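Encoded as structure tokens, the structure appears first; notes follow it.
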């Protein structure tokens, strides 16, 4: 089972920053989940929201900034003074820093401004084909499908919305044609659904789990990965995965 650090160890450090990613590595996470978008000058940056307002000292849409402009913003002070000066990283910088240390679960954001992001991310990942483990995912099923068509050797995942119900056999068959994993909100999962998904040839990630008892229950039910803000408190193989 994969322990997947949600935007890094974001329970302890500002999300989607090198500080959060370094901490995830120290906490022995198996993967880092992160979000990518394209800048005005078509550079791939790691940030969740379509605007910079919540997680930086700037204001405006990511798509309206060049990379140089974005990297002048402070992406850490909003979380705490200890993280002042953290910057929005590029996906390339993240791959260079971590490709031999930890896997990446890369979410393609589905904003209208992100046309062509599948090609951009796939080309970059091709330069790091010797990485430990990379998986590309999205809430936008067409984006995952497009990525699979372009880069069939790179594993993919579909993320389902919180209100997504029980997957039908036809839905699972459709997903299986372009994805290896289904990433489902943990409150929607039960033993019956997990068994059904596995029987239909898909692996399962559960997002976002920040309760130890819930994590243990999901592990016992057979999920293949747990996405969490606190990768150090997940119990794996009978042991805490601590620093």
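Sequential numbering from 1, following the chain as shown.
Including glycine, each Cβ sits where the backbone N, Cα and C put it.
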Annotated companion of 33, 35 at the Ca(2+) site, Swiss-Prot, chosen from 69, 86, 92, 107: 107
Largest tally of Cβ atoms lying within 10 Å of a Cβ, found at which of the binding-site residues 33, 35, 107: 33
Pairwise Cα distance for residue 35 (Ca(2+) binding site)/residue 48 (active site, proton donor) [Å, integer]: 5
Spatial neighbours of residue 48 (active site, proton donor), counting only the recorded positions 6, 33, 107 and Cα distances within 10 Å: 107
